[in-house]
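To start, the structure itself, in structure tokens.
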Amino acid sequence: MAKYTKEDIFRMANEENVKFIRLQFTDILGTIKNVEIPISQLEKALDNKMMFDGSSIEGFVRIEESDMYLYPDLDTWVIFPWTAEKGKVARLICDIYNPDGTPFEGDPRANLKRILKEMEELGFTNFNLGPEPEFFLFKLNEKEEPTLELNDNGGYFDLAPTDLGENCRRDIVLELEEMGFEIEASHHEVAPGQHEIDFKYADAVTACDNIQTFKLVVKTIARKHGLHATFMPKPLFGVNGSGMHCNLSLFTGDKNAFFDPTGNLELSDTARHFIAGVLKHAPAFTAVTNPTVNSYKRLVPGYEAPCYVAWSARNRSPLIRIPASRGLSTRVEVRSVDPSANPYLAMAVLLKAGLDGIKNKLTAPAPVDRNIYVMSKEERLAEGIEDLPATLAQALDNLKSDEVIVSALGNHIFEHFVEAKEIEWDMFRTQVHPWEREQYMTMY
Ligand code: GLU
Ligand code: MG
């Protein structure tokens, strides 16, 4: 059921004295794009008549097929609370359509909806996501550029005065609540300068919209505190990186399809097949859930990030953990995802992997309740525990040979994604890093 009608939007814009509307969408690499229109153009926008040049957006279309239309999703109407002074600014998240009225296959949001339809054909009604994004706060210099200086020395769940980022984080939470977010918790994370804010789960499309909005709000408010917020996965060597654990569940109506009070660990067969599918396709979907060169600096032993393809109901070292709550909150926590991922693409590949497990009734291996970090390679092999890819290049090779995950992206996104990421890898590969000079300059 839609939350708002066109009339509601006009009324709210009027009542709140909104002067500008940002029409937002996300490109293939996960960057938010927006076209700002004055209020006089609202009617045209709500009639799906706003056009933009698709060829100017990374990985979208060629010059000769460049006209694209923005179809606003009315339920995403939000007024940015920090824009009050010269007339308020509101935003609407849009789907992208071709001139002939068909959804554009390079639109990550529309692509996720396509996979959600496949889910519905299997009898489920909802795919829920509760994300746990982590980020770092660094000080800005006089020129407002980010430095490597942290603004606190806090650790996990620390309180002020160590946690100077606390005021900033509190402001972020207040802004988010004003925008309708339900914040479940916010705390200092393990590394100095690192924070986490958890918001309530929602259906996958809404949760992905929320993640995109969340990043924008965190960066905007941090700036007001003289800080730079970064979602890069591993900004500092030697301390934890930033993940974005994804708590996933499938529902049929109001019934959690992962919960079965009579099952082992109170998990249903559906949950076990879903887990099996996620484990099977992990080597390939990692290219999407961990899409930067830097992502693989986080997926190393010793920093609470997973490096191995396994699951556990207790332990935090594997790729998948099953948090203790049962009943409606029974869920699968995928711990490898990092916040540099395009959330819409990440959800499309995770859902597709899980559905593949359900469709083919794949069997999950036994859960691993030992700390995998301390197991030797031989012990891991004996238990059938594979490594996650160690580099972006490896992950891209795995992606290219997994038809199921390729089909979760569709050809257009797959081709543009791989092309952009191979260039990224190649640029990195040919750089000479300071570490190499430190090691070799005097040695040779
Ligand atoms: N920061 C850790 C990671 O890279 C996760 C810490 C936690 O368990 O919340 O995934
Ligand atoms: Mg955390």
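Just so you know, the numbers here start at 1 and follow the chain as drawn.
Cβ coordinates are placed from backbone N, Cα and C, and glycine is handled just like the others.
As recorded in TrEMBL:
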BINDING   Glu132, Glu134, Glu189, Glu196, His245, Glu333  Mg(2+) binding site
BINDING   Glu184, Phe199, Lys200, Tyr201, Arg316  ATP binding site
BINDING   Asn240, Gly241, Arg298, Glu304, Arg316, Arg335  L-glutamate binding site
DOMAIN    16-101  domain 'GS beta-grasp'
DOMAIN    108-444  domain 'GS catalytic'
MOD_RES   Tyr373  O-AMP-tyrosine
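Feature map: annotations from TrEMBL on the structure.
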residue	record	DSSP (3 states)
Glu134	Mg(2+) binding site	strand
Glu189	Mg(2+) binding site	coil
Phe199	ATP binding site	strand
Asn240	L-glutamate binding site	coil
Arg298	L-glutamate binding site	helix
Glu304	L-glutamate binding site	coil
Arg316	ATP binding site	coil
Arg335	L-glutamate binding site	coil
**Request:** Give the distance between the Cα atoms of Glu184 (ATP binding site) and Glu132 (Mg(2+) binding site), rounded to the nearest whole Å.
**Result:** 10
**Complete:** Here the recorded positions are Glu189, Lys200, Tyr373, and the Cα closest to that of Gly241 (L-glutamate binding site) is found at Glu189
**Message:** Over the span of the domain 'GS catalytic' (108-444), how high is the average pLDDT in this prediction?
**Reply:** 94
**Request:** Can you tell which of Glu134, Glu184, Glu196, Glu304 has the least company, meaning the fewest other C-beta atoms within 10 angstroms of its C-beta, among these binding-site residues?
**Result:** Glu184
**Of Glu184, Glu304, Tyr373, recorded positions neighbouring ligand 1, Cβ under 6 A** = Glu304
**Neighbourhood of ligand 2 - recorded positions from Lys200, Tyr201, Asn240, Gly241, Arg298, Tyr373 with Cβ under 6 Å** = none
**Item:** Glu134 (Mg(2+) binding site) and Phe199 (ATP binding site), distance between Cα atoms, whole Å
**Value:** 12
**Asked** If you draw a 10 Å sphere on the Cβ of His245 (Mg(2+) binding site), how many other Cβ atoms land inside?
**Response** 22
**Item:** Glu132, Glu189, Glu196, Lys200, Tyr201, Glu333 screened against Asn240 (L-glutamate binding site), Cα within 10 Å - retained binding-site residues
**Value:** Glu189
**Prompt:** If you draw a 10 Å sphere on the Cβ of Lys200 (ATP binding site), how many other Cβ atoms land inside?
**Reply:** 12
**Asked** In Å, rounded, how far does the Cα of Lys200 (ATP binding site) sit from the Cα of Arg298 (L-glutamate binding site)?
**Response** 25
